[in-house]
Structures are given as structure tokens and as C-alpha cells.
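One structure is given below, encoded as C-alpha cells.
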Amino acid sequence: MAQFYYKRNVNAPYRDRIPLRIVRAESELSPSEKAYLNAVEKGDYASVKKSLEEAEIYFKININCIDPLGRTALLIAIENENLELIELLLSFNVYVGDALLHAIRKEVVGAVELLLNHKKPSGEKQVPPILLDKQFSEFTPDITPIILAAHTNNYEIIKLLVQKGVSVPRPHEVRCNCVECVSSSDVDSLRHSRSRLNIYKALASPSLIALSSEDPFLTAFQLSWELQELSKVENEFKSEYEELSRQCKQFAKDLLDQTRSSRELEIILNYRDDNSLIEEQSGNDLARLKLAIKYRQKEFVAQPNCQQLLASRWYDEFPGWRRRHWAVKMVTCFIIGLLFPVFSVCYLIAPKSPLGLFIRKPFIKFICHTASYLTFLFLLLLASQHIDRSDLNRQGPPPTIVEWMILPWVLGFIWGEIKQMWDGGLQDYIHDWWNLMDFVMNSLYLATISLKIVAFVKYSALNPRESWDMWHPTLVAEALFAIANIFSSLRLISLFTANSHLGPLQISLGRMLLDILKFLFIYCLVLLAFANGLNQLYFYYEETKGLSCKGIRCEKQNNAFSTLFETLQSLFWSIFGLINLYVTNVKAQHEFTDFVGATMFGTYNVISLVVLLNMLIAMMNNSYQLIADHADIEWKFARTKLWMSYFEEGGTLPTPFNVIPSPKSLWYLVKWIWTHLCKKKMRRKPESFGTIGRRAADNLRRHHQYQEVMRNLVKRYVAAMIREAKTEEGLTEENVKELKQDISSFRFEVLGLLRGSKLSTIQSANAASSASSADSDEKSHSEGNGKDKRKNLSLFDLTTLIHPRSAVIASERHNLSNGSALVVQEPPREKQRKVNFVADIKNFGLFHRRSKQNAAEQNANQIFSVSEEITRQQAAGALERNIQLESKGLASRGDRSIPGLNEQCVLVDHRERNTDTLGLQVGKRVCSSFKSEKVVVEDTVPIIPKEKHAQEEDSSIDYDLSPTDTVAHEDYVTTRL
């Protein structure tokens with residue numbers, strides 16, 4: 001196993017050990033770079049800015065360095081959602097790379113906005129190109145910002161990108177064979193498939209559809225249908241495409257949930273987008289709902305608001321129908337069903353009469369059609385009883401009275417199917433399985449009528465039925481009529497859809513039939529295989545002599561496997577236990593043949609009964625459970641299709657009255673003949689501009705109403721989506737990390753505030769002492785070297801003086817000192833020096849000289865951190881004392897290395913930070929000369945109060961220091977190494 005880890009070495013001292021080493025080693029970070037990245041991780045703004053400024057001057061660190069996880073400082077700031085650090089890093093022009101993609105994936109809206117505004121788009125309004133690092137990038141080249149934002153479904157980020165003018169590649173059709181698709185698939189089929197999946201995943205984003213689509217419903221319908229078709233082609237990504245299709249369907253349903261009134265619902269469901277402004281269109285035909293049924297948007301159709309509108313139209317004449325007792329409902333339906341001939345005759349004579357308009361209502365139309373079909377089934381039952389048939393031996397019997405009564409219904413069914421195919425088209429007609437069943441049923445009735453006519457014309461003599469030919473027309477007609485009766489009775493199942501209890505069962509039955517068809521393919525293969533083998537084995541043992549009955553249907557079964565057809569029958573009926581085992585025996589003493597035949601027969605029964613039949617049961621159970629889990633949606637969708645068939649204008653009269661030509665039909669027929677067949681065709685009267693204008697205005701008004709409703713729905717949907725996201729978010733690991741980052745940043749801010757408040761108090765005390773020394777010049781000359789040392793003390797000898805913030809505030813508010821420093825009013829000259837600080841500090845060593853343009857941009861919107869303010873106050877105090885020393889001639893640069901007139905110092909803090917205790921500060925003073933600009937680094941120690949200095953001299957055990965030089969300064973003593 002060791003050879004998998006390292007190259008085998010014979011001289012290895014420990015052969016029972018596996019030495020490990022880093023095979024793919026990366027470049028190590030310097031301590032400064034580690035500190036820089038650590039500061040970014042902790043959110044230390046001052047330290048990060050200091051590192052960036054030093055990097056611009058001394059080039060000690062690489063500001064684009066990468067940590068072991070492959071993250072730059074910018075990516076770390078994005079992960080921590082630290083917008084201040086992101087803005088700081090971008091101001092120093094760090095490498096952006098794919099930071100925008102990382103910000104989008106983390107859904108940091110502020111970071112995305114900063115990155116989008118970092119580089120202004122040039123030329124077209126596009127997002128600046130992202131420079132992807134092929135070595136470390138986590139994103140493939142086809143992932144663009146808008147695609148990734150759509151994957152995250154973040155509405156705010158998508159809106160920012162769309163406002164920048166981004167675009168998404170248009171995917172080709174499912175079975176596109178263009179040069180681009182073929183070449184891309186040949187070069188790299190995986191990349192081609194993944195790229196198309198990423199594009200469709202972006203297009204299926206609900207936020208993107210709601211934000212960029214003029215008609216979100218139509219976009220969701222078409223996209224879900226296209227994704228469903230694509231799942232059948234791209235079998236490798238079938239589950240992904242099906243999930244995206246369900247996502248689009250759910251989006252359309254959720255968007256419809258936001259409707260608040262029947263007016264909004266009617267505007268949406270009646271909107272038609274395939275008409276121009278000047279074409280006449282109906283405003284109450286539920287065009288959008290028909291489109292949803294065409295694209296099989298079950299969630300949209302079964303939505304409660306949509307179903308409520310359909311129910312109100314279905315029970316138009318019976319507003320309180322659902323609240324009535326079930327007995328009242330049954331009696332009402334029975335009375336209307338009995339009166340359907342009266343309603344039909346009234347509609348034929350006067351279509352606009354009250355009774356004629358009454359039968360046009362969808363619910364009344366449904367009851368009348370159901371009553372008509374039940375009457376047809378009753379006639380079929382009478383025909384099967386042969387009540388009026390006496391001459392059973394007549395070869396060509398004439399039609400009976402019942403058969404004459406059945407004929408109008410058959411003609412009415414055929415005429416209704418022809419009209420349905422003409423109105424809806426052949427493609428829509430064959431997509432409905434009930435229409436295929438009607439086609440088979442009507443074909444059987446037509447064949448029966450034709451054969452009966454042939455038998456009546458050709459055969460008229462009486463002849464015993466036993467002597468008739470097997471293919472006699474009457475016998476074939478009777479067989480076809482019996483099969484047609486079965487289909488007619490089963491056709492009644494389609495009406496179960498209207499009932500909430502029987503509807504789900506009817507849908508489950510239809511799904512189980514599909515499972516049975518799938519099962520039959522496998523079963524037929526097994527059946528044919530064993531039938532071929534058994535027939536080959538028993539073909540030589542066929543018995544023909546002395547048998548009055550041959551086959552398995554005899555009283556004593558024989559010759560079960562003599563022919564292929566008999567073998568197939570025997571194997572099929574053996575599933576139901578109707579075949580005896582002795583059929584595998586032969587008369588000859590061939591025990592081996594008997595054993596092989598019995599073994600084959602038993603193996604077939606095991607496979608067919610134990611394996612295949614149980615597999616069929618499992619498949620049917622799965623189909624039923626699938627329907628049961630979505631019973632409400634499946635049933636409402638099927639019921640809606642049934643209701644919509646009765647909402648149409650045509651097909652008002654039930655059979656057999658639909659074959660009777662009405663006056664309206666005769667008028668339409670004469671008009672059509674006059675228009676198309678006569679020589680003098682009717683010239684269509686041209687429409688006036690006023691009529692066209694009014695029609696265009698109505699269509700435009702409908703379009704504006706639809707867009708207004710869509711705007712309101714999208715706003716409500718986005719608000720509900722954001723509320724739901726906030727509710728379901730909860731406490732996650734990301735929230736804990738963000739909380740830790742905020743606490744860390746707040747800690748450094750508090751430390752900076754404490755440091756800045758203390759130093760500002762000391763600076764005010766120094767200003768007061770310098771003012772008093774200027775008023776009493778003679779007194780200051782007489783005090784000697786002790787006083788000179790106190791005057792020459794620099795603020796850069798300080799590291800940190802912890803004073804309670806409340807005490808400082810109290811001293812400033814009441815003009816009182818808390819014992820640490822004097823608080824006096826600042827002279828006007830000192831204020832003027834601070835105002836002119838930028839001009840005085842322009843040659844200071846650690847400050848980077850900016851260009852005029854950058855300076856102008858910074859002055860336009862200056863943001864100072866706490867560390868910047870401390871440095872500025874320190875430099876101002878040092879400059880003030882140096883000017884005083886220069887005017888009095890007291891500046892000296894002796895052994896103590898106190899800064900001179902031509903030297904400025906900045907205190908570099910190297911104090912070790914701890915979260916629990918604030919330890920002793922140890923700093924370095926960095927001095928820069930104005931002339932030679934050389935840097936001198938001297939060690940400094942804290943300023944120790946005078947009353948504590950004596951104690952510290954005695955306690956040398958605590959601090960092991962070398963001989964020191966002590967300088968007294970009022971209440972404090974500075975100890976120098």
C-alpha cells in the first residue's frame with residue numbers, strides 16, 4: 001500500500017511506516033502576508049489599511065496573496081460580508097478576478113453593488129468582463145453573473161444586473177441540428193450539455209421571469225413544456241430538467257395565488273396574446289386557461305382561485321347548488337334529464353327563447369348529454385335481451401325496433417366526433433384517449449350496421465345456425481356489436497370525473513392501464529420464448545387418432561403444445577390455473593422428455609406468477625399511490641377538462657337531436673354555399689376606420705389592464721417570496737459566522753475609540769502646558785534641565801494609556817480633569833495648525849502621495865477610520881512641539897535620540913492583542929527625516945505614572961530590564977531602554 005503514497009526506497013529506516021509528504025505543495029505566505037490576511041479575516045480595518053499603505057511604499061507584501069483555501073483578501077471580505085473592507089480593498093485596486101461571482105453566490109447585495117460600480121462598463125451596457133483564473137476559479141467559463149444570480153434566485157442581485165443591461169444566451173431547440181450545436185456536441189459533449197442545463201436553470205428562475213418577462217404566465221408555460229420535452233432527450237439530466245419544469249409550474253401557480261378579486265382573475269384567464277390589435281377577439285372565452293390545459297399546467301389549473309371562477313360559471317343558473325341537500329340535487333337532475341327532449345326541441349325551434357338559452361348553460365348541457373347517453377345504454381340493454389326476436393335461424397334478419405332506435409344515437413355520436421375533430425384539429429383530437437375510445441366504438445357500430453345490411457341483402461333463407469359458416473356476416477356482426485357494447489358501457493367511466501369521490505379512482509384506473517401495457521411487453525417476450533421451446537419439444541407427440549375434441553378446451557385436455565398457437569393459449573391460461581400438469585406427459589416411455597417438459601412448464605409458471613405478476617402488482621400500486629398523493633390536483637385538472645368541453649359554444653344539442661338540422665344550421669349552410677359555390681360571390685363590406693379604431697382601442701385597453709394586473713401580481717409575489725425566505729431562514733452556521741465577524745470588528749472599533757479618546761485628552765493637556773510656558777518665559781528658563789526634558793517629551797513615546805471613557809467625557813463636559821491630564825481650551829493657533837494639517841504633512845514618510853484626481857475623489861467623500869484619526873492627531877502634536885522647540889532653541893539630539901527639528905515620527909504599534917486582557921504596550925518609533933528621508937527605529941516603553949515608578953524600581957523581579965534613562969514629565973515618568 002505504501003507505493004501509493006511515496007516512491008519506494010529500499011534504504012528506508014522504517015519499513016513499517018508510511019512517510020507522508022505534501023505532493024502538491026504551494027508557495028508559503030510570509031508572516032506579513034499572514035498577518036494581513038488574518039486582519040482581513042478578523043475585520044481589523046486599521047491594520048488592513050496600514051498593511052495596504054505599507055505595501056504601496058515598501059512592497060513588503062503582495063496584496064493579492066492567496067491563503068491555503070485559495071482565497072484572496074477580497075474574497076475573505078466578501079465571505080465575511082464586510083463592506084467597509086471590500087470598499088477599502090477596491091480603493092487600493094486589488095485583483096478582482098471572479099469576486100463578483102463569489103459575491104453573487106454568497107448573496108451579498110452590497111458587495112455586488114460595489115463590484116459593479118468598481119469598473120464602469122464601457123461600450124455596451126454590460127457588466128465588466130470577469131477575469132477568471134483557470135487554476136483557482138470555482139466557476140466554469142459558461143457561468144456569467146446573471147446566470148449565477150438566477151441560480152441563487154436573489155431578486156435584488158438580478159435587478160442590479162438587469163439594470164446594467166446584461167443578457168442571457170438563447171438556448172436552441174431540443175432537437176436542434178444546426179452547425180453550432182453539432183460542432184459543440186462533438187468537441188465536448190459534456191460541456192455542451194452542462195452549459196445548456198445552466199442556461200435553462202437560469203431561465204427557470206422565478207425572480208428572473210418575474211423581473212424580465214412581459215407575460216410571466218406564458219413564459220412559465222412554454223418553458224415548463226420545453227423542459228419536460230428536453231428531459232426525454234437528455235436522459236442523463238432527466239431529473240434536473242423535470243425539477244426545473246416543476247419549478248416553472250409552481251411559479252405560475254404561486255403568481256396566480258396573488259390575485260385578490262374576480263376582476264383580476266378574469267383579466268388573467270381571458271387574456272389572449274396571439275391576436276393583433278385590429279383583430280376581433282372574444283373577451284370571455286378563458287383563452288389563458290385553455291393554454292394552461294394544453295401545456296398541462298396542473299398546478300395552475302387546480303389553483304383554488306381558478307377553480308372558484310370555473311365553479312361559478314359551471315353552476316351559472318344554480319348559485320346555491322352546492323349548499324342544497326343531496327336528495328334535492330338528485331331530484332333536480334332527474335327532472336332535467338327527463339325533460340331533455342323538450343329542451344332540445346325548444347332550442348331547435350327558437351334558440352333565443354328562455355328554454356333555448358337555458359339548455360346552453362354548461363351544467364344543464366352536461367345533464368342533458370348524460371341523460372341522452374344513459375338512454376342509449378338502456379336501448380343497448382334491451383337489444384341484448386332479444387325481446388322481439390323470434391326467427392333466430394334467419395341468416396339475414398331485418399333490424400328490430402330497438403335497433404332502429406339505436407341507429408340515430410350512433411349517427412349522432414359519429415356526427416359529434418366529426419364536429420369535434422373539425423373544431424379542435426386532428427392533433428388535439430388524438431391526444432385525448434377518450435376520443436380514441438369513441439373512434440373505436442363508432443367504428444365497431446358502423447361495421448356492425450354494414451355487415452347486417454350485407455347479410456340482409458345476400459341471405460334471406462332460414463337455415464339452422466349450427467350449419468352457418470364461421471365467417472358468416474351475421475355472426476361477425478353480432479360479435480362486433482357485442483364488443484361495441486362493452487366499449488359503450490366503459491365509456492360511462494369518463495363521467496365519473498365530475499364526482500369528487502369517483503374522479504380520483506377513474507384517474508388511477510387510467511394510469512394503471514399504462515402499467516399493464518408496459519407489463520405486456522415483457523410478458524409477451526417470456527410467453528413467446530417458452531411457447532417456442534415447448535412447441536419444439538412436444539411437436540413430435542401430437543395425437544390425432546380417436547379424439548372427438550382436440551385442444552385444451554376439451555373435457556380432457558390434450559395436444560396442449562402441439563402447435564404454436566395452442567402452446568400460447570395453454571401458457572396464457574396456465575396463469576389462472578386452468579391447465580393440468582398431465583398435459584406434459586407423452587404416451588411413449590420417454591421419461592427424460594416428460595421431465596424436461598414439466599421443468600420448462602414449471603419454470604414458466606414461476607417466472608410469470610411469482611416474478612412478473614408481482615411486478616405488475618407493484619407497478620399498479622405505485623401508480624395508484626402517485627395519484628393518491630396528488631389526488632386533488634389530478635382530479636381538478638381532469639374535471640376542468642370536462643367542464644371546458646361544455647363551455648364551448650358548439651355541441652349544445654345532445655344525441656340524437658344533433659343530427660336534426662336546425663334553422664340556424666340551415667342558414668349557415670345556405671350562406672356558405674352562396675359564398676363559396678355560387679359564381680357571384682358576396683363581396684365583403686369593408687370596415688370603416690371608426691370600427692377598426694374602436695376594436696383596436698378595446699384590444700389595447702385589455703392589454704393595458706392585463707399589464708397593470710401583472711405588475712401588481714409581481715409586486716405581491718416578490719414581497720411574499722422575501723417574507724417567506726426570512727421566515728424559513730432560521731439560525732444557520734452562516735449566521736453564527738456573521739455574528740462572530742461583527743463581534744470581532746466591533747472589538748477592534750472599540751479598542752480604537754478608547755485609544756483615540758485617551759490620546760486626544762493628553763494632546764489637550766500638552767497644549768495647555770505649552771500655552772502657560774509661553775506666558776511665563778522667564779520662569780521656564782530658570783527651571784533648568786529637568787523642565788527641558790519635560791518640554792522635549794514627544795507623543796510618539798506613548799503606546800496606550802487606558803483612561804475610562806466616561807471620565808474623559810465627564811472632564812470634557814464639566815471642564816474638570818480626572819487626574820490624568822489637564823483639559824483646557826485649545827488656542828486658535830492650534831486649531832489653525834490642525835486645519836492646515838494636510839499641507840504640513842505632505843512630505844511625511846509613511847503617508848502615500850496621491851494624484852490630484854484621486855485626492856479630489858477622496859476629498860469629495862472622506863471617510864476616516866479610528867486608526868487614521870489617531871495617527872493624524874499624533875503627527876499634529878509632534879509638529880506642534882517641534883515648532884516650539886525650534887523657536888526657543890531648545891531642541892537637542894543627544895543620547896536620548898529625541899526627534900529633532902528635521903525629523904517626524906510615527907508610532908508603530910506592535911502590541912499583542914488579547915480578547916481577555918489588555919497587556920503591556922511595547923512600540924517602535926519610526927522617524928523620517930525631511931532631508932535624507934532615512935528611517936530610524938528606536939525602542940520605546942510605556943509612560944509610567946510617577947507614583948508607581950518608585951515601586952517598579954524596587955520590583956525588578958517583575959520586569960527584567962537593562963539600565964534605563966528616566967525622564968520626568970509632570971505626573972508621568974518616561975523610561976527609555
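Glycine is treated like the rest: Cβ placed from N, Cα and C.
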Topological domain name match (Swiss-Prot): ILE507 vs LEU581, membrane: no
The transmembrane segment (363-383) versus listed stretches 433-453, 476-498, 512-534, 600-620: most Cβ pairs under 8 Å: 476-498
Secondary structure of HIS172 (Zn(2+) binding site) (DSSP, helix/strand/coil): coil
Residue, out of the binding-site residues CYS176, CYS178, CYS181, whose Cβ gathers the largest set of other Cβ atoms within 10 Å: CYS181
Residues close to Zn(2+) site centre defined by HIS172, CYS176, CYS178, CYS181, Cβ within 8 Å: GLU173, ASN177, GLU180, VAL182
Protein Cβ atoms within 10 Å of HIS172 (Zn(2+) binding site), excluding its own: 14
Same-chain residue ranges lying at least 6 outside the transmembrane segment (600-620) that approach it to Cβ under 8 Å: 512, 515-516, 518-519, 522-523, 526-527, 530, 533-534, 537, 571, 574-575, 581, 584
Three-state composition of the topological domain 'Cytoplasmic' (419-432), taking helix and strand from DSSP: 11 helix, 0 strand, 3 coil
Where CYS181 (Zn(2+) binding site) sits in the secondary structure, as DSSP reduces it to three classes: helix
